[in-house]
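*Asks:* Please see the structure below; I have some questions.
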Amino acid sequence: MMRGLKTLGCLVIFMQSVMLVQFVQCQQVLENDDDYEYGINTTQLTDPTVLNRFTKIVYKRLSGATSDLIHSEIADKASFCVTDPDDDWNRSFNYSANLDFLSNCILNTQGDLPQRLCTAAELKFYFTNFIANTKSKATFLKPNRNCNLTTWVSGCEPGWACSAGLTRPVNYRDAQEIPARTSDCQPCCEGFFCPQGLTCMIPCPLGSYCPSATFNVSTGLCDPYLYQLPPGKANHTCGGANVWADVSRGSSMFCSAGSYCPTSTEEIPCASGHYCRMGSTAETRCFKLTSCDANSTKQNITQYGLMLIVGISVILFIFYNCSEQVITIRERRYARSRQVAVKSVKENAQAHARWLAAKDAIRKRAIDMSRSFSRRTVFIPNEQVRILKSNKSEIEAGYPPMQDIEEYRESIEGANPESENSDKKKNLKAKHIRTNTQIFKYAYSQLEKEKAQQQHSIDRTFSGVISMAMDNETRRRPMMEIAFRDLTVTLKQKKKHLLRSVTGEIRPGRITALMGPSGAGKTTLLSALAGKTIGCSITGLVLINGKAESISSYKKIVGFVPQDDVVHGNLTVEENIWFSANCRLSADLPKADKVLVVERVIQSLGLQPVRDSLVGTVEKRGISGGQRKRVNVGLELVMEPSLLFLDEPTSGLDSSSSQLLLRALKREALEGVNICMVVHQPSYSLFKMFDDLILLAKGGLTVYHGAVGDVEDYFAHLDINVPERINPPDYFIDVLEGMVKPRTSSGLTYEELPLRWMLHKGYPVPPDMQKNISRFDVPVMYGNLGDQENGPEELSFCAEFWQNLKYKIEAQCDVIRNNIMKSKDLSGRRTPYVLLQYKHFLGRMAKQRLREARIQAIDYLILLLAGACLGLIAKASDETFGAPGYTYTVIATSLLCKIAALRTFSLDKLQYRRERASGISSFAHFVAKDTIDHFNTVIKPLVYLSMFYFFSNPRSSFLDNYFVLLCLVYCVTGIAYALAIFLEPGPSQLCSVLLPVVLTLLSTQPKDSKLIKNLSSLCFPSWALEAFIISNAKRYHGVWLIQRCGALLKTGYNLHQWNLCISLLMAAGAACRALAFIGMLTLQKK
């Protein structure tokens, strides 16, 4: 009995010793897991503490292996799809929140899990041989050490794995050699996947669902992974997951849409009020105002898009209406101030007239009384006695206060040329005027004074005209006298003379009429004197104030009125004139004087009734044609030129309007302005208003140049008399046309009239005309008879082609030289600097855009419909990261925004060329238009995305999409500027349609060819599309990692190039704007 007890005691002590030794060994394993090689006894796994600590050891090794995978050379090759390796690892393999699937697998494998996990070499083999080959649909790997033609164990089948053996160490960081792993093959644990051709297990990434497969008797497949059981193996069962790949090959492993998977072994349906996209690890709460039922895959945020578009519409409506109301109120207050000033000045003028009349009456009565007082007693009527005895206050009550009358008298008489300080007092007074009413009172009082001066000189007496012309206050502009000697203009391309040997001068203070039949070179002479000839060679001499200076040096004080009415139709008459005044008058001129100049021009041209009316365009009628012509002239008169050229300003005007215009020009001439104008057959009364006449014959030869009053005497000397009741200018032009044959005794023909003028003035005669001198009994002394001009030389086709090309290049070089090369400014006028002109351009452009609100609304509506249609058609696809929808977006927004941006520069090219020729800053013009267009650049992406984004509902944020689309619109707007400037409207619209479509199709082609890849990398749709897809792809993590890398590898995109794509879009937009600006400076209408 005692021996048995001793034996039992020894056995208990032995068992306790064995358990103690095993516990100590287990503690050593848990304390130093780096020396772990052989697993652990299954009897220890029943202890939760041991199992938990052993699970952490396995997870640590698993984390090391997966981390090495993320940071390995494979990850380096896949850097195009991995921005932050640590973040991607955390979103894919960080199982620390729940390790139950590891604990369960440890129990199922009886602690053998570490021997079944894939090493770095096996992971590298899997990802390089299968996942990298995204073009293949196969789900098996190449032969390797454990699975080949000679060795194929059960673990090589999909969903199965084997052990390396408890006695064999496994180096998980060895990336070179695959360990032998062929023993104890079992189905893959839940939460792991076992590829076909590998005998190890890989943990399923977060966002996946990897349960054990079940055999489907009807299909013979293992659901849900759809692989078959191997034939001839009756004991082989369905295992676990078999592949982690893209959606097309491994969609069964992704967590289902409408459910979320907190672990890879648990799938929970999405609750009501939440939505779960495919591959979600947690459910996402739906926004307010959206309805999300149970198992919702995405939230319906269409109502947010509707709210956004309603908000944008309300804001735009308020903005446009408030802006228009502000402008209208300002214009009303401005007009009210003007009306108050006009009324005040008129009342003062009437009071002054009554005061003068009363003064003259009293003076006359006093004289009469003094004459008769000495002869007889004067009886004053009772009424006069009552008036004389009346109170002084009663008399003054019927008139305005004497202070107002004296102020008006000072405004009328204070600027007496005899007083030395009158100009200084006037300028000082103008600078201290503040309010609009004061400014208008000052301006209209000055106008009344000028009217009074004109009324005194209306009798046109010699002394009155001389005194008015010599008025120091009136004549304050620099004088310009133009003389031209033997001026010849020849068309380079055709060697044709447009002007020949024209000699003469135009003098300040006089109006010179330039007349002649069609083709006589009237406009050519005007353009040659104004320095506007292109593609022509000019010989001879042009002198300005006796010096050979370039006319461009005086362009700030030289006005040129074109034949066409080049004015802004969507501005009022006053706005057109004010803009020219603000940009071209002296920057030192006070505002009161500017108002005076503008009001003087408006009144002198008879534009007062239509000053607030829109000029009008072809589509929208405004003022009449005659009023438009006067506005065209007013744009030049308002800048107070010293030299003024006008090309047919009276064409299309009736007699009264023409005389009104000539009276305005007469007033300018009295201030010393040198005026030269082309006129077609004026009436006799209009003809007599000119001072000088230049009469040209066909071929650009001078027939007469002198005073208008002497022209009939000159032609009478040639025995060409004007018949009675015939308008002299009409008769002279009919003679020069050859329609009327002059009845002369000498047999003089109209072709010989230019020669008679040259001989009459003693000018040199061209060689080809000297043969006709002999019949006039004049010695040949004006040229060399041997220098006869030969006819045009016959050229071959190639020579003629080369010659024409050379002339075109020379003409373009002339344009570039005239526009870019600046001459020395000799005008003495300091016009507003660029920033101030930019401010004036901004104000003008803002008004024009506000008046085009209907066109802008149509643009927004089209974008809205495009966004809604494309958002409904092209839903955001997880497989392509929304690439089809973004492709349509790039085409639609590029096309629509580009066509709309063409209007910025294509509609007012003529107006710009006129303003540029007058010295207004091209840079301020361009930048102001681009600044105003930035409003559309900001708004249009919002309008489009308000429909497209909320209908397609991609994973990328609204701000990401908006920023990319904003850069795209900026880019295509710059391209549209270049197209509008370099091309005519028709070709520019065609290119705006074709470019986005062609370049986008090129950008979406497979990058198999190096040429296609290089070409697509230069296309702006490729940059925009890559930025869109990168913004969306960054939102895919965990189980989507393979899909993200495969899709980006196929398209050639890189997650690190988002900033580069945005920079390229912005740089392309800026470069196209710079190119467009250069085109503005260099190109000119033929």
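Cβ coordinates come from backbone N, Cα and C, glycine included.
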*Asks:* Labelled transmembrane segment by TrEMBL, one stretch among 886-906, 1012-1032. Can you tell me which?
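*Replies:* Per TrEMBL, the stretch marked transmembrane segment is 886-906.
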*Asks:* Residue list, the transmembrane segment (962-983) vs rest of chain: Cβ under 8 Å, 6 or more residues beyond ends.
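*Replies:* Contacts with the transmembrane segment (962-983): 889-890, 893-894, 897-906, 909, 930, 933, 936-938, 940-942, 944-945, 991-992, 995-996, 1020, 1024, 1027-1028, 1031, 1061-1062, 1065-1066, 1068-1073, 1075-1076, 1079-1080, 1083.
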*Asks:* Sort out the residues at least 6 away from either end of the transmembrane segment (857-874), same chain, that have Cβ-Cβ distances under 8 Å to it, and list them.
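*Replies:* Sequence-remote neighbours of the transmembrane segment (857-874) are 309, 316, 882, 884-885, 888-889, 892-893, 896-897, 900, 936, 939-940, 943-952.
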*Asks:* Hey, which bits of the same chain come close to the transmembrane segment (886-906), Cβ under 8 Å, at least six residues off its ends?
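*Replies:* Distant Cβ neighbours of the transmembrane segment (886-906) are 855, 859, 862-863, 866-867, 870, 873-874, 912, 929, 933, 936, 940-941, 944, 948, 965, 968-969, 972-973, 975-977, 979-981, 985, 988-989, 992-993, 995-997, 1000, 1004, 1020-1021, 1024-1025, 1028-1029, 1032, 1076, 1080.
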*Asks:* Considering every residue in the domain 'ABC transporter' (482-723), what is the mean pLDDT value?
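*Replies:* The answer is 89, the mean pLDDT of the model over that range.
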